[in-house]
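One structure below.
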Amino acid sequence: MKKIAFGCDHVGFILKHEIVAHLVERGVEVIDKGTWSSERTDYPHYASQVALAVAGGEVDGGILICGTGVGISIAANKFAGIRAVVCSEPYSAQLSRQHNDTNVLAFGSRVVGLELAKMIVDAWLGAQYEGGRHQQRVEAITAIEQRRN
């Protein structure tokens, strides 16, 4: 992924800056969807901004941070075409791309520290969707999404 939308709430604000710097060092273009301060805010807004950018093709994928990664990933998954995963270790991040074709990664700043967050991001960005036997399952998820909408 060459272009990423990034969003967080106030809890993820400090970690976001560190991860954005890490991404830029790797040559990834980052579109910052907020928040831009540590003042209290609500994560659904930032999940929405990132999900819309991903679903609309503005970016290749998205990264979200809140306290645990759970709430912000739930909000992102409400958008058609979004397959957001919350990860607290690199192996799940890698497999989520390889097997589930995830396009949004979420994690919690209260759960992972900076070095682990970098490892999770690197594993996710470094993995490619394998298709094959996994394609049928991804298509089944998309069919559920289409029936719901």
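Just so it is clear, glycine is given a Cβ too, placed from its N, Cα and C backbone atoms.
Annotated D-ribulose 5-phosphate binding site per Swiss-Prot: Asp9, His10, Gly67, Thr68, Gly69, Val70, Gly71, Asn100, Arg110, Arg133, Arg137, in sequence order. Other Cβ atoms within 10 Å of the Cβ of Arg110 (D-ribulose 5-phosphate binding site), summed over all protein chains shown, number 13.
Residues or ranges marked as active site, proton acceptor by Swiss-Prot: Cys66. Cβ environment of Cys66 (active site, proton acceptor): Cys8, Asp9, Val11, Gly12, Tyr43, Ile72, Ala106, Gly108, Ser109 lie under 8 Å away, each six or more residues apart in the same chain.
In the three-state DSSP assignment, the secondary structure recorded for His99 (active site, proton donor) is helix. Taken from Swiss-Prot, the feature active site, proton donor applies to His99, supported by a curator's inference.
Using CA atoms as reference points, the binding-site residues Gly67, Gly69, Gly71, Arg110, Arg137 were checked against His99 (active site, proton donor), and the closest is Arg137. The secondary structure of Asp9 (D-ribulose 5-phosphate binding site), as reduced to three states from DSSP, is coil rather than helix or strand. Taking the binding-site residues Gly67, Gly69, Gly71 in turn and counting surrounding C-beta atoms within 10 angstroms, the largest count is reached at Gly69.
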